[in-house]
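Pulled from TrEMBL, these are the features on record:
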- 1-401: domain 'Major facilitator superfamily (MFS) profile' (DOMAIN)
- 7-29: transmembrane segment (TRANSMEM)
- 41-60: transmembrane segment (TRANSMEM)
- 67-86: transmembrane segment (TRANSMEM)
- 92-114: transmembrane segment (TRANSMEM)
- 126-145: transmembrane segment (TRANSMEM)
- 157-177: transmembrane segment (TRANSMEM)
- 221-245: transmembrane segment (TRANSMEM)
- 251-272: transmembrane segment (TRANSMEM)
- 284-304: transmembrane segment (TRANSMEM)
- 310-330: transmembrane segment (TRANSMEM)
- 350-373: transmembrane segment (TRANSMEM)
- 379-397: transmembrane segment (TRANSMEM)
Amino acid sequence: MVGGLSVSELVSWGVLIYGFSVLVGPMKLELGWSLSQMNTAYAAGLLVSALVAVPVGRWIDARGARSVMTTGSLLSIGVLVGWSFVETLPGFFGLFVAAGVAMAMTLYEPAFAVTTSWFRVHRPRAVMIITVVGGLSSTVFVPLTGVLVDTVGWRDALLVLACTVALVGLPIHALLLRRWPSDLGLVPDGAAAATARTRQDAVTSPVSLRSIVFHTPSFRWIAMSLFLVNAAKFAVIISLVAYLLGRGYSLAMATLASAAIGLLQVLGRLAMTAVGARMPVDRASCLVFATQGVALFLPLTTAGSGTRSTVSIALFVVLFGIGFGLSELLRGTMVAEYYGVLNYGRVNGLLSVFVVIARAAGPFAAGLVVTMLGSYGPLLAGAAIATLGGAFALFMAGRTRPPEVADAEG
């Protein structure tokens, strides 16, 4: 099941998120739409995914992830097919409203709900496998989409991507997923049934979402941490190539640095899973976020593109990249540990609202700062402060963790 979800996440992220960057160029040439108009439609899809995250989470808690992810795959196919025939800008916006719903139903949140139901002891490893494979989606689908566009054109490329979802993602979600291990006569992690049932009862009592939000300080700290860290990292990654070009680096070097961060996040997730066997993931992530915050100051210590500057940039890329994908790993493990299994879908759905808003707010703030101040220095400094703030908020979340769940989980 974990292997199947890993592949389906690779496909879903590739076709719904990363393929867009390749397709907008040829669409602009054929349809005459501006990049700003198409990016606005994309941002609208992200915001819709945030708005429907909580209802989708409630659906997952009530019925499990199988029906949610299967429906999301069908909707993804419809969006991709419709996209291939689009002729008007309002129609394009409408498609991305639907795409936003599909994102909420097929990306990491419902996949993490499956790992939460099926694993206790091995949950961090399951989340790691899914996020590591999913983290390779840009590496696979950006060049794949580019080859398809060059070979058959952007419209037929979208039809090929729709077929990929139909042949890979849809069967995995419809045929492989089950709500609970008991559906197959199993228990989480293969533990004895009585032990597993007792352990689950201790940590999965349903609690109202209102109670968690308004009466649990740890939730507010986690939400703040995820918002600050994600806003900072997306502000930086969207600006990195332009920043390095402005310092005098070639386009090849600038894109290499950006691509390296994508690969390093995979290594960071692998390392964090290994560390998690000896140290709680939230504490280890707190240290990594603090290191990221310090690393963001490194480019400000040099100027230009000389040897000393290149060393500082390389060190920044390594330290920043290792922590780039940890917020997804955190959401896949912390929510169930803090608030229980039966509350997972709703709580993680609400947290995803903060994450998606941060994905949109970070790049917007980056553009505003650079435009107003004419320099990337304040952007990097602001991102550093935000990341350090996220590390502190995560530390405080651990300090205010619900004691009854903490005791039950060990």
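Counting begins at 1 with the first residue displayed.
Note that Cβ sites are derived from N, Cα and C of the backbone, with glycine treated the same way.
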Note to self: If you average per-residue pLDDT over the domain 'Major facilitator superfamily (MFS) profile' (1-401), what number do you get?
What the structure shows: 84
Check: With the transmembrane segment (92-114) as the reference, which stretch in 7-29, 126-145, 350-373 has the largest tally of C-beta pairs below 8 Å?
Finding: 7-29
Check: Hey, which of 41-60, 126-145, 350-373 has the most Cβ-Cβ pairs under 8 Å against the transmembrane segment (310-330)?
Finding: 126-145
Check: Any residues 6+ beyond the ends of the transmembrane segment (126-145) with a Cβ under 8 Å from its own?
Finding: 2-3, 5-7, 9-15, 17-19, 21-23, 108, 111-112, 115, 118-119, 157, 161, 262-263, 265-266, 269-270, 272-273, 325, 328-329, 332-333
Item checked: Contacting positions for the transmembrane segment (350-373) when only residues 6+ beyond its ends and CB under 8 Å are counted -> 43, 46-47, 49-51, 53-54, 57, 104, 109, 209, 213, 222-223, 226-236, 238-239, 327, 331, 335, 379, 382
